[in-house]
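Structure first, commentary second.
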């Protein structure tokens, strides 16, 4: 091969040599990649410069045509590039090398920095054929060197040798800074490589740095040598590895992984007195960095709900052409060919630095949380561990602690499931023990937080404000008795006792209601299907409750209203074991004296044994309680309720005429039933069943199409399939484009259908953003929204949807034609002056024994209706029901007692049932009890 030199040594040089002419097109296509790898300028000379050998001897074929190639740049760079090009065009050896699949991140991660450095060091062409397989070709010496280096990587990876603690810490820190400076979707895979392999990779990156006695961070890799010489002032010459950093620099280098990445980039745009060419993208050790003034880099990520398990991170640069989008990098991840892949990545502006952008610690926090969430860990556990250890800890350390915390949480859940009678609600302690369910993608907050501690504190307060009930209880006070004293005598809380902790939940003085909380009863223990009377509840109401604490060792959880024979033996003990409203606080000495007041000492022993046997599972020592938390959470209660089967049965029977179209906001209903943590399809089925039993047959449920995809936060999706089969479910359009979800606003479908059919929208959303859209929509939002609530699996709607002065529920759900006929019939009846003084007018009630069927009307105030035959055209709308039977009254009384278990309210329940013999509406009767 012919070659001629114009210069020698390390200075600028020029070299010309020949290659086969058929490689011209290949070299032209690889020009950008070669120039970026070796910092040289490549020129393929024109045809007139072609070199041809002398004529061959007779009888031999003529030699192939060759062309001249010219390289300009540093002497060493020119020699390396020449050897690399010769190996590409005329390879002497070609080998395949296998490696473990977990090492794939080395050859494709960190924006191909390690692979490029390996090519620069060995001058062999290395490409990734598939995961676990490399192709190495070039000169014989170059191929052997590359093979040896790859085999060394594999050996270090498989042996997984550890280094000394001090050395290992430095290596991890330097390696983390480097890979985060070239972040991509393989960043986390690189961070968990063995420390010995990390040291070898850093040595590979620093080899050229040592030879050239200086290190230059080059982030472009696309400029020619002439252009690079003009940009001297934009480079930084770093100090030697043995240089020591001052206290100020040590403080500057402390922080989270991303802030350290920022400090590593501080030197990029500062001035330098001199510069020299070295292989591209050489990063020095941390000790060699000189920090001037803080610049910044920005990490951008996608938080779509169905995104890939590994988030892709990148850096942005506004100086480059903005037409190249971030999606291009995700497409190139699927291309394994290094020749076509690397050149594009080197020129991609998404890997450069953007000046003037600040990295928010909130974004760093979200990156860590989202990464561990994709590994299957609960967000609350991840947030808890990061809050304790901080964001600057090694990811592998975080992973180990998260795994330990996850195992501890699973053991607590198993223990809690074995003690279903737990009544102690340790409020606020487990507010973060469940996943958040959000309808929209997570977005980055623009305002950065001051410190990591402030970030965690704010996030904890936000969880508590949403999930925590109104009453605040000190759960760390081990041996105390909280005594509930309601202000009003007619509204007292339920009995709740415990051996070490007794809590009486109620409304706090400063409690405020929010959209995420509904006004309903709070069961203190999971309901038992076979024994409904054993369930204790806290009566709902707005009365203030005062709770005091006293040291005590003895308490009882009473379930039945009647006291035991032993409790009847002494009035003092009866007072002490009675309701919270009559309980008096006593010191331990007073309690001991009361126990000794029994005539027979055996009685005191019997009572003490009964107290201990009443709750054997609550005999937990103080030290043991620190590890096992017996309190129950809303998520656990919801998951327990899913174990009770529910079957949706829509009977094939004609519905009632003159009823409005029911349009259900499926997302709103499902999230409300799932305690705002799950998308509960059972809630949608319960709502549909409620309106079906009322006689409605025109029912439509709108749910976004992406909710039909498999997701752990979506429960019992078979109900959606069942509703879709009968034509009740309608899916609003949504699609995925490049990993991002594009979904239509389902609320618009609700309003459009309500406008066309004159129907009623069942939702708790106020549609505030659509009030100004049109007058028709404003009228729908004002007059045709039906709110609801869930009490467990009971779907409840108000009797007065538009307020106290508005129409009743039955009138609200009737179509316009039937409402006009009803008003005209009432006027005709009133004109005849024939009234009944005792019998109110009711709509027909089918099968009052069903708890989900609702009555049709209710008399209010002093208004009374008439006992008159109805006209022919009114029989379809109205009919007079018979008086409530004794069995129905008993059933309603038992249902109300389940909701209001307090003895004082039972008298009120009996009075209401006696005063309203025609009332079958459980919702209306419950409202009367509360009134």
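In case you wondered, yes, glycine gets a Cβ from its N, Cα and C as well.
Residue ranges 788-835, 884-931 are listed, and Swiss-Prot annotates 884-931 among them as region 'CoCUN'. As annotated in Swiss-Prot, region 'Disordered' covers the listed stretch 547-571 rather than the other ranges in 522-546, 547-571, 572-596. Swiss-Prot assigns the feature region 'Disordered' to residues 289-329, out of the candidate ranges 289-329, 330-370, 371-411. Secondary structure of the region 'CoCUN' (884-931) per DSSP, as helix, strand and coil residue counts: 36 helix, 0 strand, 12 coil. Looking just at the domain 'KH-like' (75-159), the mean pLDDT is 86.
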